[in-house]
Amino acid sequence: MQIFLRRKWIIAAGLLPAVLIYTMFSIYPILSSVYYSLFKWDGFSPKQWHGLQNYVNLIGDGVFWQSIRNNLYFVLFSVLGEIPLGLYLAIMLNGKLFRRNGIFRTVFFMPVVISTIVVSLIWNMFYNYQFGLVNTALRAFGLEHWAQNWLGNPKLAIFVLCIVVVWQYTGLYMVIFLAALQNVPSEVLEAAELDGAVGLKRTWNIVVPIIADTIFASVVLCISGALRAFDLIYIMTNGGPSHSTEVGATYMFTQTFNSTKYGYGSAISTAIIIISFGLIMISQFIMRSLKR
Amino acid sequence: MKIKWAKTIGTGMLVAAMVAVLSACGQSKSTDNASGQSGQAEKEPTVLSFMTTWSETDPFTGVYYKNAMAFQEANPDIKLDIETIPYNDYPVKLSTTAAAGKLPDLILMIDGSATFQQIARSGALMPIDDMMGHWKEDFLPSSKIQEYNVDGKQYGIPGEISYTTVIYYNKKILRDAGYTEFPKTYEAFKAMVKDLKSKKITPISYGNKVGTVVQASLLSPVNERISGSGLYEEIKSGKQKFTDPEFMSALKEVKELSDLGAFNVDLNSIDNVQATNLFLSGNSAMYVDGSWGAKQISKDKSPDFELGFAMFPEFEGGKGSLSTTIGSTNQGVSLSAKLDDAKKAAAEKFLQFMYSKESYQNIMRDGNMVPANVEAPADVNPLFKEMINEFAGVKEVIPPFNIVMPANVTTVAKNGLQGLTTPGGSAPEAVAEELQKELGQ
């Protein structure tokens, strides 16, 4: 008992620095942001008590809801794009054909390593109206009327950005899945083979259930990543044209720092926390019921 | 149990040893410093921290950096501790450091915008009225430095004047299309745009990704030509509204130009450097941007490119005139309110040097207009001279929309104008209503 108690203290002491740092840089800013969201404040002059007015304005703010909708597109594309594609690539690379060839792993993982700024600039050039790769290719094939200003078309721009995100992060999930696949015991696979489960059947009925936990964890990662999306959009379109590619984080940033509405910006970030939390809870619930 | 204790003690000793080694390192360093200082000079230099966008290699601010370095050389007893922030990030950096109360000793104010005024009113900056005796009225007219004046107090001196609306045009393209002279009236200008479009030439290239370009170089001149110079003040004071006919008609003109196909399709997805390249590669007949655009153009254009300059044309029956242009004064340096006497004296020396006759001449030589009355040096860029001649008849310079209006309104205007110039985007009425709503907040 004594040893147990003492160990508890040692564990607590070991955790303390991490907890302190986490509180200082994560919990405290979140709480202070909730506090600021109750004020009308431009950052320079004294704060004015505003009560819940910022939240009332937020609910009536069409741009905010549009940015949340764009965030949901990101979540949808990420979960339905990155995860299946990553899984597919991982299974391919784990197969006999590619297993010994490390180069493919490197190729697919490359976009994850490249800095987002570089990714943004490369894709900006791809999508450029005059000389971009996409339009040049379309024109070369005689599909000139399909060529368009990809990032400037309010109806298309957000989906065009989704493609970039999927391209950028599929490799990450591929590596996670690859690691999980390599941990699938070969006895199980051999037994399955003896029972006549080969090909797709084996993958779907044996392999996927074994790595299900990894997949679920990846979905959570994926959702939170998509909700945090900022840098790529900030560089590629800056939320424009006319808010059409605005996501929660970019809207919060422009409202806070460009419009110097610190109170309103804090209200937006608080709302994003609540919405993200809700989404993660929903996804957890769905996955738990799937497991059963 | 015993073994465990031994382990703990062992770890403890290791940690203690490490701490001792680390602190010893720290100590030896500090003693080094002390001996170094006593060996140098008796007098320590006054260090002024300075936040700026100026950098040696930047074509727009390189000359300021060089002037500052010259100051440094002439005054070894003052040391500038320069922190360089990229131009596009500077406004955010400025407002956040000001909000945090962490402004350095010297702060570059790129322009006299609403954010600068907010910071000045918050008391974070030191007025320099007691230093203004160094600049005589006939050298630096007070009318030209008023953008750096808030509520009657001076907070800086601008280094240059820029016109935010200069129409750069490709003489050859216009000549081939049948225009030997640039249209003087807006109706004729619009007719030319239509004509160029029908000839499959992109009339104007804009790089409005950041969103301020169309505000400063299209909306502002159209507003001035229609309503004269007082419109923005009237809107700010509540005498007029964004939704009233005068401002609305300007928004409608912008929308009409966009619907005519006057702009490059991707004006809202490219920046002004890319737009300049479109123009210089012969893909558009005109390029509209501020007078600063001339630097990149004169640097990158091929020798046989025939460049023309024009002012924004006149509206028939409008209240504005060709003797007015849109412009702003830039590159002033403000002082932190927290400076002590020694630092203040050093900062005064710095300002005196940076805004002296010699410095202004360097700025001119680099292709800028200056607020001070100084003779142009003989070796000024000929292209720049040509541009100045085009603007010789200017009597009044009024600030653009994005300088006059508060930051939250310009953010709304950025998105509103992007919407107006996007096919299937917003309607002028909706944009005006958004603006009015934002101004009321």
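Note: Cβ is positioned from N, Cα and C throughout, glycine not excepted.
What TrEMBL annotates here:
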- A:9-31: transmembrane segment (TRANSMEM)
- A:68-283: domain 'ABC transmembrane type-1' (DOMAIN)
- A:72-91: transmembrane segment (TRANSMEM)
- A:103-126: transmembrane segment (TRANSMEM)
- A:156-181: transmembrane segment (TRANSMEM)
- A:206-227: transmembrane segment (TRANSMEM)
- A:262-282: transmembrane segment (TRANSMEM)
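Within its own chain, the transmembrane segment (A:9-31) is flanked in space by residues 273, which lie at least six positions past its ends and keep a Cβ under 8 Å from the stretch. Outside the transmembrane segment (A:103-126) by six or more residues, the chain places 89, 93, 132-134, 151, 164, 167-172, 174-175, 178, 231-232, 235-236 with a CB less than 8 A from a CB of the stretch. The list of residues near the transmembrane segment (A:72-91) in space but at least 6 beyond its ends in sequence, with Cβ under 8 angstroms from a Cβ of it, reads 108, 158-159, 161-163, 165-166, 169-178, 180-181, 203, 207-208, 215, 218-219, 222-223, 225-227, 229, 247, 279.
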